[in-house]
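Peer 1: One structure follows; several queries about it will come next.
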Amino acid sequence: MNLVYAREMQALDRYTIEEFGVPGLVLMENAGRGTAELILEYFRPSLSQGALIICGPGNNGGDGFVIARHLAQKGFPVKVFCLAPFEKFKGDALVNLQIIKKMEIPLFLVNNDISVLKQEIKASGLIVDAIFGTGLEREVKGHFAAAIEAINQSEKPVVAVDIPSGLSADLGRPLGIAVKASLTATMALPKVGQVIYPGRHYVGELKIVDISMPKRVIAELAPPRFLLNESWAANHLKPRGPDSHKGTYGHVAVLAGSSGKTGAAILTCLGALRGGAGLVTLICPKSLNHIFETTLTEAMTFPLEEETDIQSLSYQAFDKIISFCRDKKAVAIGPGFGIHRETFELVHRLVAHLDIPAVIDADAITALAGEVFHLRRAQAPRILTPHPGELARLLDISKEKIQENRLEIARLAAKETESIVVLKGAATVVASPDGREAVNYSGNPGLATGGTGDVLTGLITALLAQGYEPFIAASLGVYLHGLSADILAKRKGPFGFVAKEVAETLPNAIKEIMVRKNLGQF
Ligand SMILES: NC(=O)C1=CN([C@@H]2O[C@H](COP(=O)(O)OP(=O)(O)OC[C@H]3O[C@@H](n4cnc5c(N)ncnc54)[C@H](O)[C@@H]3O)[C@@H](O)[C@H]2O)[C@H](O)CC1
Ligand SMILES: [K+]
């Protein structure tokens, strides 16, 4: 499903109206009716106490008038409060205002004094927030802000029309203050600001309302930005043919592990195995080989002599690694690999010369700080999987700056490194140098435990080895990894599950998506 900014949504609206001739009034009718249907589906018990619809001066308010009409038609008590003078309304919103006036639906005007509105909020069963949508253009102040505050203090179920009022559809944060919704009924496509943090906290459950925007409009005009949710995953996860074998699913090489960090290598191998790789071999320092041979059953090892004083591989192993990887499908480099100068030298050479797709993580990203040009010499696709701190070091910018503009910075990093960048964290983002990007919708804070990143690295490498093109491999890996954690959170608890369990639950995540796929739910 495409993910849009406000201006992109407005362009899609305009194209639908001007090129396809779908009148704006029809779009508004579909928006309002679809939202009313969601209200009936999810909040019917609350409606008996009355729905309070609070409308702003634009078309978001217009949607509110349509919702009021449909709920009134069904016999529910409805009251409409306008936060702007009636004469301010124009176009489709005015048409719908006039209709509800003729229907004598109780209509009230709020200027600066919101005392009546506050009482009505308290007396109502459900609040419909139709104050601002994608037309929000500045900080919310005055009686608009007071109304939003009253809504948030009411502890009533709140349905946000299109987007919680006050939340920026682009920035994903409140402009002053924003409605905290129980459910957001968004028109046609999800907005970026609804699926990144802190915006996601204000949205509640996100539901898409089909306003009959022709699919061709979206296919032709929507940007290559996607929400990684279950339907996206079901659309991209490939089933296995009965006549397949280990070779079909590729041999993954893992370059990871050093003294004290053997677990990172083991978890990467586990992630690759549970991610469906046909075979996995860990290229490791000879002195640690016995540890891996004891712990890894399904994965093989390829021990190498040359080591540093922290028992990590050094550039002297370069030739042997290159020849070993010649017939491999994909390689993971970095987890627990060691931060020794000679190991960094090895990373620089491998990143530039390995001619198979590679996932570069952890210490290998650290090795590339200030040395990004090695990535631009790469002879095969590269996927970087930094957490914010690693990306901060790689790009030499502050972690705060990254966290405030995650999608934009990931986009910049992808261009800068000519690699796919997976910027991990709450709502992981994936950006490709070719302009494609995605925001992940799965996962939870239980993932904040050591080693989960190593599992993700192995998983993405396994998907590369199975033939997924790099952007899809990265995005599918991110989604399945988060879904595995969501399954664990439901099954075990919000946190306390460990990285190894995230790997072990990947088959359950894959099964969940396959079931959806077989049911055609994508
Ligand atoms: N997406 C679709 O296909 C459809 C969306 N619809 C709805 O239309 C709104 C967008 O409507 P628009 O008139 O552009 O803007 P808003 O209603 O969001 O309100 C903007 C309105 O308010 C003024 N304003 C903006 N910021 C502030 C502020 N901080 N304080 C005071 N006033 C502010 C601004 O000047 C405008 O007048 C979309 O979200 C959907 O809900 C269509 O109904 C159906 C098709
Ligand atoms: K709204």
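Backbone N, Cα and C atoms are what each Cβ position is placed from, and that goes for glycine too.
Automatic, uncurated: that is what TrEMBL annotation is.
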Peer 1: Asp92, Asp129: which one does TrEMBL list with Asn60, Ser165 for the K(+) site?
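Peer 2: Matched candidate out of Asp92, Asp129, per TrEMBL for K(+) with Asn60, Ser165: Asp129.
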Peer 1: Looking at AMP binding as recorded in TrEMBL, which candidate out of Gly389, Gly453, Gly458 goes with Lys424, Gly425, Ala426, Ala427, Thr428?
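Peer 2: The one candidate that TrEMBL places in that AMP site: Gly453.
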Peer 1: In sequence order, which residues at least six apart in the same chain have a CB under 8 Å from the CB of Ser165 (K(+) binding site)?
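Peer 2: Looking at Cβ-Cβ distances below 8 Å from Ser165 (K(+) binding site), excluding near sequence neighbours, one finds Gly56, Asn60, Asp129, Ala130, Ile131, Phe132, Gly133, Leu136, Val140, Phe144, Ile148, Ala178, Val179.
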Peer 1: Check the binding-site residues Glu137, Ser165, Ala426 for any whose Cβ is under 6 angstroms from an atom of ligand 2, and report them in sequence order.
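Peer 2: Near the molecule: Ser165.
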Peer 1: Can you tell me which of Asp162, Ser165, His387, Gly453, our binding-site residues, come within under 6 Å of ligand 1 at the Cβ?
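Peer 2: Near the molecule: Asp162.
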Peer 1: Among the binding-site residues Gly62, Gly425, Gly453, which residue has the fewest other Cβ atoms within 10 Å of its own Cβ?
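Peer 2: With the binding-site residues Gly62, Gly425, Gly453, fewest surrounding Cβ atoms within 10 Å: Gly425.
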Peer 1: Take the mean position of the Cβ atoms of Asn60, Asp129, Ser165, the recorded K(+) site. Which other residues of that chain put their Cβ within 8 Å of it?
Peer 2: Ile54, Gly56, Gly61, Gly64, Ala130, Ile131, Phe132, Gly133, Ala160, Val161, Asp162, Ile163, Pro164, Gly166, Val179
